[in-house]
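Trainee: Per TrEMBL, the feature domain 'Cationic amino acid transporter C-terminal' maps to 573-623. What TrEMBL records for 52-75, 87-106, 118-139, 176-199, 211-232, 244-267, 288-312, 332-354, 382-400, 508-530, 536-558, 570-594 (among others) is transmembrane segment.
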Amino acid sequence: MGFVGDTQKIDRGNGSADKGGCFFGGMKSLVRRKQVDSANSKSGSAHQLAKALTVPHLIAIGVGSTIGAGVYILVGTVAREHSGPALTISFLIAGIAAALSAFCYAELASRCPSAGSAYHYSYICVGEGVAWLIGWAVVLEYTIGGSAVARGISPNLAMLFGGPDSLPTFLARHTIPGLNVTVDPCAAILVFVVTGLLCVGIKESTMVQGFVTAVNICAMFFVIVAGGYLGFKTGWPGYELPVGYFPFGADGMLAGASTVFFAYIGFDSVASTAEEVKNPQRDLPMGIGFALSICCSLYMLVSAVIVGLVPYYAMDPDTPISSAFASHGINWAAYIITIGACTSLCSTLMGSILPQPRILMAMARDGLLPSFFSDVHKRTQVPVKGTVATGLLSGTLAFFMDVEQLSGMVSVGTLLAFTMVAISVLILRYVPPDEVPLPSSFQEAIDSVSLRHSGCNSGSDIDVETTKIPAVTSGDSTPLLVEISVGHPLVEKAAAKLNYLVRQRRKVAGWTIMFICIGIFILTSAASIVSLPNPARYTLCGIGGFLLLSGLIVLTCIDQDDGRHSFGHTGGFTCPFVPLLPIACILINVYLLINLGGATWARVSIWLLIGACIYALYGRTHSSLKNAVYVPATHVDEIYQTSANSLAC
């Protein structure tokens, strides 16, 4: 490879290409990767998001986005159908599974602290095509998720006013005659109020979310304290059962863990605000970790109390917590629990609308969406246009549509993002990008630096006996200047062999990561499709398990790339137990994805197909990387400095 990367040879920037370049250029666009945002790469941006968030703000966003009203319902449903009294362990297992993704998010968020979350990480580590699909799926996730949450607020508010039909007329639900459409003005108004609040500023909206989340946590503490008192007073009747602690066995407990796993999927909202964090290398991992720990602790305590107050088979699947208190004669507790449900829904609504404008902004910055979404308000330093567009779309859906049947699509976007983040961690550790795309406007500086290095390496102008030349390390992207004898044939042969071994190691690591993903897909598919004949099922499980185990052994035995130390922003969190932890994360998320059901995947496939068409017609041709010149990562700072010096002159 020369100084300029191979991408430039295919895409010449003016629309022309070599023979067959149209096809190969189109394929190449799917795997072109962007640069980690840095002070240099952002220097030409007119407006940036406000650096206003600290650890308490991130905890408020994470806890508020994660603890929704689902916990007030999941406790009853999962206990009755899957876990029984072992519901607490189901929440613990689900929390541990979510922590695997949280570790991966923490490393990438601190290394690449920019808006866009999983879309941004995929673009840097995997490629433009995958990044577009992840961004497109996450947009669907937040749109439908926000609308579904908003539709759930009005029934809970009605309970505070005395009953299902107690809301004022202008807020109550109405059915349009002849259309069989039930409109929800309350849901739409709440979405618009939250949208306006988010437009004021990230710090102000986060403070409000923190207050609302605090009210919800107080309601959950009431459940824990008051329920614990009742349990000790009555002798915990829910645990004194002849069927024991595991009435559905270990399989039921694991099935319950798979169900309640989705109660933890809000912490990725923290990563979407990375660009607005004052000290992302320290604060982002702490915010994600503390938020997940608080949520897991609250879930486990609430579930432990409720399944102890009432036998699991007698729990109300719709109102398990309030009915548990009512069974002990404390009917007034229903009002406190309803307040907690309302505040948790409002907080989750804010957590659903907050990330989407930032993802749209990141995609627009990269040229994959119109620049309309990338505008940042000068005073509030918030992507106001994207926020308003998000609010209008979510509010309209919340007003006209009952999106409960589409709620499974929310999980697809989240699990796809979790999976891609874990894959990105493996790529970062073993095959980090060793080329960086720069705009064609840097061509003069690139040529100058290239000529300078070519002159330094030419034998006519240097001392042949002893000089400083690049010696390739195991990273292949961080050459070190060491003093060696160029003319000695043994040294030259050793350097060439080391360079060859390093490149082979990177190829082996890249192919191994791909085979691990294929093995996981085969294994989880065969394990989930019960209609397959047993011989075929066991054979596929064996093939998938062999690929997975072999890949894990290979990655464990080979060295991680030294280039990971200089990738992105250094000094942040480092994910432990690589490659085991990211591979376990991929396995869990792919298994959950496959088990979401055919109807959900049919709807999502239509959305992804629409996204693929938009990318082919607009994103691929307007991408900021269309005319990019790829250069070795080790020369980027020198090129920026050369360009700055030429402008100063």
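Placed from the backbone N, Cα and C atoms, the Cβ positions cover glycine too.
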Trainee: Residue list, the transmembrane segment (508-530) vs rest of chain: Cβ under 8 Å, 6 or more residues beyond ends.
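Mentor: Contacts of the transmembrane segment (508-530) (Cβ under 8 Å, skipping residues fewer than 6 from its ends): 423, 426-427, 430-431, 536-538, 540-541, 543-548, 550-552, 554-555, 558, 561, 583, 586-587, 590-591, 594-595.
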Trainee: Test of understanding: applying the rule of at least three C-beta pairs under 8 Å (pairs 6 or more apart in sequence), is the transmembrane segment (382-400) touching the transmembrane segment (244-267)?
Mentor: no
Trainee: Establish whether the number of Cβ pairs under 8 Å between the transmembrane segment (176-199) and the transmembrane segment (288-312) reaches at least three, counting only pairs separated by 6 or more residues.
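Mentor: Judged by the Cβ rule, the two regions do not touch, with the required three close pairs absent.
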Trainee: Do at least three CB pairs under 8 A connect the transmembrane segment (382-400) and the transmembrane segment (87-106), leaving out pairs fewer than 6 apart in sequence?
Mentor: no
Trainee: Give residue numbers and ranges for long-range contacts of the transmembrane segment (288-312): same chain, 6 or more residues beyond its ends, CB-CB under 8 A.
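Mentor: Answer is 55, 58-59, 61-63, 66-67, 71, 75-76, 79-80, 83-85, 87-88, 90-92, 95, 98-99, 102, 105-106, 109, 217, 220, 223-224, 227-228, 230-231, 234, 236-239, 241, 247, 260, 263-264, 266-267, 270-271, 320-321, 323-325, 327-328.
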Trainee: With Cβ-Cβ distances below 8 Å as the criterion, list the same-chain residues six or more beyond the ends of the transmembrane segment (332-354) that contact it, or say none.
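Mentor: Residues packing against the transmembrane segment (332-354) from afar: 61, 64-69, 71-72, 142, 145-146, 149-150, 152-153, 156-157, 159-160, 190-191, 194-195, 197-198, 205, 208-209, 212-213, 215-216, 218-220, 222-223, 226, 266, 269, 272-273, 319, 321-322, 325-326, 387, 390-391, 394.
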